[in-house]
Amino acid sequence: MAVEDEGLRVFQSVKIKIGEAKNLPSYPGPSKMRDCYCTVNLDQEEVFRTKIVEKSLCPFYGEDFYCEIPRSFRHLSFYIFDRDVFRRDSIIGKVAIQKEDLQKYHNRDTWFQLQHVDADSEVQGKVHLELRLSEVITDTGVVCHKLATRIVECQGLPIVNGQCDPYATVTLAGPFRSEAKKTKVKRKTNNPQFDEVFYFEVTRPCSYSKKSHFDFEEEDVDKLEIRVDLWNASNLKFGDEFLGELRIPLKVLRQSSSYEAWYFLQPRDNGSKSLKPDDLGSLRLNVVYTEDHVFSSDYYSPLRDLLLKSADVEPVSASAAHILGEVCREKQEAAVPLVRLFLHYGRVVPFISAIASAEVKRTQDPNTIFRGNSLASKCIDETMKLAGMHYLHVTLKPAIEEICQSHKPCEIDPVKLKDGENLENNMENLRQYVDRVFHAITESGVSCPTVMCDIFFSLREAAAKRFQDDPDVRYTAVSSFIFLRFFAPAILSPNLFQLTPHHTDPQTSRTLTLISKTVQTLGSLSKSKSASFKESYMATFYEFFNEQKYADAVKNFLDLISSSGRRDPKSVEQPIVLKEGFMIKRAQGRKRFGMKNFKKRWFRLTNHEFTYHKSKGDQPLYSIPIENILAVEKLEEESFKMKNMFQVIQPERALYIQANNCVEAKDWIDILTKVSQCNQKRLTVYHPSAYLSGHWLCCRAPSDSAPGCSPCTGGLPANIQLDIDGDRETERIYSLFNLYMSKLEKMQEACGSKSVYDGPEQEEYSTFVIDDPQETYKTLKQVIAGVGALEQEHAQYKRDKFKKTKYGSQEHPIGDKSFQNYIRQQSETSTHSI
């Protein structure tokens, strides 16, 4: 979901690795241990939660989280909670990283000190207010000044203990006076619309005996200030909770009698002091935040066209895509946007075939084919993740769930056996699990996605042509990906492939490790399988699988998935679970009385239907066939005073649903829109608000069947597997080329050196693969020109945006230090560029 900004789309995403916490304060009980979990928050909205690590003051989480960020935010925060089964979970501490500081920690493991959490540390939100100073004549004929302070509204206030009933106090304060007034309480909203005006008499001539006339300009303007405090009205005995404050000196009225601005709320000046950072422990994180500013498609045509013809360039090492892989620090950086771009334009198979064939030609030993982290290997990995994720789930998820739920002991290392465990029983348990997983894989060939099969066919042909004396190389070239890089890693770490929500427990993790090792060896078709294990107990266990039927099953499977032109008519017809989870739904009006209006339900989406159930595994309470989904749109918060709501519109009614957070709401809207995109009766207009009390809240139309009053949002690609924005991927590639511009220039030098010098290669150029210096130089020149043109467009956009930026507007409230730094930097840049 992109934020539109005058024709330019802004995409935000974050990839997080939550490592471990250390030296948490001990629990004040006899055990001193804690049961802790970590949450990821956009400001204070939780978007992810790790598993609970029990009885530890140094919990290891080892969890990964990725999301597209659908809204603006100021801080990426991480809270460490201590679980309490009897009371509300307590916060131990938090890490808050300002959005502008995220690049400092980009893709680096970093230890952060946990900070104390109190009312002042949790301040967030902004306030819109107006000040107006006017002269009035009193009944006695004396002229005095009156200040009108209007509190218009607030946005994004924190939610305290699940609720927010805010009010504001407005105080005119000076050295010798303090006069306070209070707004009404606004119930159940963190975006209150106050629109209240308070009047203060600024000058009081009678109180000044030494002067017959009071000079506002000379005396009061530097001494008085307006202070606005936001509070959450509470029924608890501890009193109302502080939400934030702002202070405005009346000197802002020197130039004009009126003033209007947005302000960020701030903590109190005398807020409670934090504990020493090392009192609360620390948290290890790795954060990759990406922000893409994407222009319209025509801006990217030169660079995109250059990339898309990479498969046709001879040699392929002189192509723009291959050059990107050469200059990036890690091949994975280049592979991700390249594969997505080529998939979007249907060019991934010829491109991967070209670079894989070139790699095979450089390989000397058939036993090491595709074993390195080359661009070809990384591109195939990425293609399997994108195109094969549903195939992976259909194939492995039932077996993985059974292993996690049955929890049978499978330890076969005699040294690690627990008391009471039997080695033979454990071996039999493990053998049954391996058989179940192995057969699930080898019988899934007909479901393998076509794009993967086409790539495997090209790998097989290239390997067989290069190593004609090795009859098995046509199998190992394919198995090195489908087994070694696809199935085995998914079995080993199912949470990384969304097969499980979190890391598995230690016993299950050990079982999956043993299964993964065995399946990987079975798939490798190694001639000396027992010798491939370092551990003697694994070699002993593998004797169970020395029968020829296992090798035959692997070969039949590999033959099937690497066949040319195979198409599976059943693959699209099979029900595929696309997304599931708990959400809140509103009753659809079948019973008007005696029923709770909002209920928690388990939702499940397949490529056939959208259903909800009382709980996971139950029979569906309601089902919507995909062809009956006419539109999926956000629902305005004012409809039910609830955030993160959306509507699934059907022919007869709309189903109103509340997701758990903004990220989850975006994910559901996107996937539901995708699967219903091809429906012939999709709506073009809809009602953005609910139908309540006999009319639509948005347009006031009385009929529940009245046509919509707002246009439906733009559709997404209909392919249920892939949602790729070609312009965004080209922008990503531009950013990488721009980041590694010095390497591009160095590569140009290397081409020139190779063209004129025939001797030993200079060491500084030896890292580049340059088969044809002239062709490579030609492509480099085009790449640098394309990147330069886009860089100029970005620079012009920044200059134009800076000219239009107003400090104190709703988009850029006063009080953001990082924005002040931005203003200063842009001012300096503009000065230098004149």
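Each Cβ is built from the backbone N, Cα and C atoms, and glycine gets one as well.
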The annotated zinc finger range in Swiss-Prot, which must be one of 198-234, 235-271, 679-715: 679-715
Candidate set SER509, SER571, SER615, SER809, residue annotated phosphoserine in Swiss-Prot: SER809
Modified residues listed as SER77, THR110, SER809, least Cβ neighbours within 10 Å: SER809
Positions on the same chain near the zinc finger (679-715), where near means CB under 8 A and six or more residues out: 626-627, 629-631, 633-636, 638-640, 647, 649, 651, 654, 656, 673
Tally of DSSP helical, extended and coil residues in the zinc finger (679-715): 0 helix, 8 strand, 29 coil
Cα-Cα distance linking SER77 (phosphoserine) and SER809 (phosphoserine), given in Å to the nearest integer: 25
Top Cα neighbour of TYR66 (phosphotyrosine) in the set of binding-site residues HIS687, CYS698, CYS699, CYS709: HIS687
By Cα-Cα distance, the member of recorded positions SER77, HIS687, CYS698, CYS699, CYS709 nearest THR110 (phosphothreonine): SER77
CYS698, CYS699, CYS709 as binding-site residues, winner by CB count within 10 A: CYS698
